[in-house]
Amino acid sequence: MALHLRSSFSSKSTLLNILRHNLGFGSRSHVTRHIRQILPHDPPLRGSQNPISRLCNTMAEPETLSSFVQHEYANNHQVMDFPGGKVAFTPEIQFISESDKERVPCYRVLDDNGQLITNSQFVQVSEEVAVKIYSDMVTLQIMDNIFYEAQRQGRLSFYATAIGEEAINIASAAALTPQDVIFPQYREPGVLLWRGFTLQEFANQCFGNKSDYGKGRQMPVHYGSNKLNYFTVSATIATQLPNAVGAAYSLKMDKKDACAVTYFGDGGTSEGDFHAALNIAAVMEAPVLFICRNNGWAISTPTSDQFRSDGVVVKGRAYGIRSIRVDGNDALAMYSAVHTAREMAIREQRPILIEALTYRVGHHSTSDDSTRYRSAGEIEWWNKARNPLSRFRTWIESNGWWSDKTESDLRSRIKKEMLEALRVAEKTEKPNLQNMFSDVYDVPPSNLREQELLVRQTINSHPQDYPSDVPL
């Protein structure tokens with residue numbers, strides 16, 4: 001400690017400055033308040049009511065002041081050796097603010113009109129990758145519209161679209177490698193599409209026919225592909241997050257040049273699995289990307305009714321996780337953020353949280369009518385003003401990589417392929433009833449065989465109550 005003391009001091013101002021400098025107080029008023037606390041509580045001498053004046057009267061010699069400063073310096077610079085690091089003490093009652101004065105900014109590269117923002121930082125994208133990103137976004141939109149209408153016609157039992165969130169799906173997938181393991185929710189079919197899942201495979205799953213990899217045992221849009229490192233969707237919210245952390249830690253142990261990636265919505269952050277996953281990922285330093293689609297709604301619950309924090313991005317810091325907020329309707333920003341986050345997660349062996357701000361243009365699912373809790377005008381505004389497809393198309397057109405004819409040809413081809421996939425899937429035979437009881441035990445136990453027998457007897461007794469197209 002360096003004590004900057006003069007041989008004498010002639011004013012209260014001098015003493016205040018000396019104490020403030022050497023004891024580390026933020027202001028002279030803090031020094032005065034501290035002196036009031038440490039001085040004896042005997043009645044002061046006449047004419048010496050001010051605490052600084054009283055202190056001056058007790059310190060006629062510089063040595064006395066030096067001893068006082070050293071003593072107080074030691075008291076004010078003690079620290080607590082606590083697990084995780086040293087913790088400083090403060091003599092003041094200080095509460096951490098519930099939020100920063102300004103909200104965390106949102107990273108974007110393209111403005112609402114698809115124009116490149118001046119001095120924006122982004123990862124360069126080749127023509128081939130950019131064209132595939134846009135083509136897959138268009139494909140996903142067409143697939144969603146056709147499947148949605150098929151459900152409304154009674155041909156599918158259920159469906160949930162990703163309309164308005166295509167950029168999060170496709171651009172994030174483009175920034176990953178096939179070795180990265182995906183733990184999705186039910187609104188990430190675009191990630192699977194990017195990896196090579198065919199329209200026919202999507203249709204087979206939605207119809208639950210015998211060509212479906214899940215053998216008809218899952219709801220529509222609950223896709224999965226072992227070949228493409230895409231774990232099967234679970235309808236239960238946020239259960240995929242702890243799974244992703246475990247997979248990431250496994251990749252770390254095996255020293256793989258890959259990471260785990262999990263997707264979830266803003267509603268998922270209200271589940272305990274979200275908090276458990278972030279905490280263990282930070283503690284174990286697992287290379288996992290947490291990608292949150294904050295689309296404003298958890299079915300009918302707006303984010304304002306879910307949390308009081310500044311969205312989701314600040315929750316990462318609470319768990320010691322590096323985080324970023326991104327414009328989820330800007331494909332170029334999503335690609336750049338995920339590409340950078342992936343490299344960081346693998347190189348530094350750490351989790352990363354990405355909050356992608358977007359808007360759910362479609363209903364939550366075919367079981368929902370969102371116009372009962374939000375206005376049609378709000379939906380229309382987002383669909384036009386911040387449409388992820390039109391913004392990215394403007395950018396690739398400005399680079400000379402796209403044209404109206406290319407657009408027309410693509411939409412015509414995808415619609416034709418999608419309708420054919422729908423026709424084939426609908427006519428393909430359903431899985432055998434026996435598949436309800438297989439693929440769990442190597443040798444089915446007696447109680448499971450009894451259940452299968454009971455189901456068959458019930459169907460034979462009441463055939464009118466069961467689908468006639470399921471082979472027995």
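Just so you know, glycine gets a Cβ as well, placed from its N, Cα and C.
Here's what Swiss-Prot has on this protein:
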type	residues	note
BINDING	Q185, Y186, R187	thiamine diphosphate binding site
BINDING	S234, T239, Q240	K(+) binding site
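Feature map: Swiss-Prot annotations on the structure.
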| residue | record | DSSP (3 states) |
| --- | --- | --- |
| Q185 | thiamine diphosphate binding site | coil |
| S234 | K(+) binding site | coil |
| T239 | K(+) binding site | coil |
Original post:
Can you tell which of the binding-site residues Q185, Y186, R187 lies nearest to T239 (K(+) binding site) in space, using Cα positions?
Top reply: Q185
**OP:** Using the recorded K(+) site (S234, T239, Q240) as reference, state which further residues of the same chain have their Cβ within 8 Å of the centre of those residues' Cβ atoms, listed in sequence order.
**Re:** F183, Q185, V233, T236, I237, A238, L241, N243, D273
Original post:
How many neighbouring Cβ atoms, not counting its own, are there within 10 Å of the Cβ of S234 (K(+) binding site)?
Top reply: 17
Original post:
To test your reading of the thiamine diphosphate site: which residues beyond Q185, Y186, R187, same chain only, put their Cβ within 8 Å of the Cβ centroid of those residues?
Top reply: A160, A162, P184, E188, V221, V233, Y263, F264, G265
Subject >> Sequence-distant neighbours of Y186 (thiamine diphosphate binding site) in its chain (C-beta under 8 A, six or more apart) >> reply: A160, V221, H222, V233, A235
Subject >> Under 8 Å by Cβ from R187 (thiamine diphosphate binding site), counting only residues of that chain that are 6 or more apart >> reply: A160, A162, E165, N169, Y263, G265, R293
**OP:** List the residues of the same chain that sit at least 6 positions away from Q185 (thiamine diphosphate binding site) in sequence and have their Cβ under 8 Å from its Cβ, in sequence order, or write 'none'.
**Re:** V233, I237, Q240, Y263, F264, G265, G268, R293
**OP:** Would you count the other CB atoms within 10 A of the CB of Q240 (K(+) binding site), including those on all shown protein chains?
**Re:** 25
